[in-house]
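Annotated features in TrEMBL:
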DOMAIN    16-131  domain 'Glycoside hydrolase family 20 catalytic'
């Protein structure tokens, strides 16, 4: 809810006054806000079968003033508060869109007793989506969870894996192998779960860890991972044949699963962005650091002390000036290409943010050295 509750006009609907991440479930206006959001999505997707109403990691539920008062009444618990809100949202969705089934994230439900869940009436209204993005899922524990939800009265459950994100908040390249292993773990859970209970699996693709964090991997960068994950799920596993099929689909000659290094370009839409992002992620910072921190002529004859005072040894200068200038022009060309490719796909603000996070810190350092060098040469002359 952060993207809504951060705004001043909605701040009065926060569960905890200072925190924009959870909604106050006691205010009628809160439900009206959620209904308006649902209506806006439904207007764009009229033929929906399922609708995900969220509800995960509501860490501060029960900590608002109204909730504290509510919890002082006999038999009221944070679990009941959570379930009553889920029920209210699901009922609201059902009354406007009777053909649509609500889905909820399951983590707020995991620790609840079967009795609490069954008595709430929630299992008749929603389908839980069990999420886990790791490569070492507790398969047995997940199967037991599926069985528990089934016993409580949930007709169907969903799984949620990830094809990008979940491996680092500022990750710029996708570790395909990690995400493939995550799907294979879920296939094991599926094969051991009771028949007829699993409705489907959602492959999540994160763009941020939350509304206020930086961008993680961009979609074009993760398309090979998405293709591998989908093909693995479709084929019930991963094999050389599946790998060849993915390579054919993406136009890649050699798909790397366990390293980032993508030697082949690919012909899929956005593959140029993957190639350029890989170049930047691997070589931009390292090449600039190599020049500025490990080149003995820069560290010895053009240190911050020299740069500030515009002192340069005219002979030593020739040992690094050509390298600095050529490195700068090389990276400016790469970044120009990347900027142009990204502008075909993303809003300008997303391009700007990615560049500021991943390109500017190193590129500006390099630019500054070249500028300082020019200044020092002018001062000499």
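Every residue gets a Cβ built from N, Cα and C, even glycine.
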Number of helical, extended and coil residues in the domain 'Glycoside hydrolase family 20 catalytic' (16-131), per DSSP: 54 helix, 14 strand, 48 coil
Overall pLDDT of the domain 'Glycoside hydrolase family 20 catalytic' (16-131), taken as the mean: 97
